[in-house]
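Beneath this line is the structure, given in structure tokens, with notes to follow.
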């Protein structure tokens, strides 16, 4: 039985150090494979769940983690009540769910012609014909409307809520074309995701910045929020560049641009300085906000250690290694930053 299983794996795709094949990786968000809880859903639902990146849920937490960073850092500064933080966490999770659905569907809709050229993505719902482009467009619109509803629950007036969200909306709308227009689309993605820090801060009642355009006041930027925002951008560049190495050969052939395509076998020479920059930004965020040991030990130390391990150990020439380290590097680093901020809040504010 074991021998037959190995033969099937080796026949259908290269086997990696965890026994996971490229065939298995191609099933992520594509094909007619109903793994885990998807087995309980009607077949007609499968392509829509895949479009929304709900299984595995990494796509959702790509969106939610920055929101968590935003409202937890604001909660520490404002010394918010636990009930307020809990309510804000729920609000941000609901908003993140719909934002994640909308932007992933939109991305697949625009990327469909390119996805059809890449081995790992050619079996996603739109390229394989399981969902039409018109149906995907309608699905995108419904999820975007669902996300917009949450703007009315922010503790600011509706116009301010829209203005705070507008840069993120514009950036997410443009992002699918960034892979065609520039060699560093990861920077655009980083901005998109990091904007969740701004929205998370606003959701808790903080004011991360003020342009002064509406009330003619003096422009203002919260330095702590700015450092955390920039650190999140750098974090995204690191893990998404490793993610992009999965499809390097196909991306080169298809004309898809990325930092992985630009640097190729020299990518790690880029990632190490970026990690140092991220660490410096997180440290400055803590200094400005007068953070304590939990933040520096867990949020800074834990995230830097996990990302450093990822950069050191990932084999950028192997698709399976890139996927495994992307997943683990993303979850661990995000978890450490969120955990460190939560510990800082509990020990400094709650207790």
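Each Cβ is built from the backbone N, Cα and C atoms, and glycine gets one as well.
Curation does not apply to TrEMBL; its annotations are automatic.
Of the listed segments 158-176, 329-347, TrEMBL assigns transmembrane segment to 329-347. Of the given residue ranges 103-123, 187-207, TrEMBL assigns the label transmembrane segment to 187-207. Listed by sequence, the residues of this chain that lie at least six past the ends of the transmembrane segment (329-347) yet keep a Cβ under 8 A from its Cβ atoms are 58, 61-62, 65, 68-69, 72-73, 75-76, 85, 235, 238-239, 242, 282, 291-292, 294-303, 306-307, 309-310, 314.
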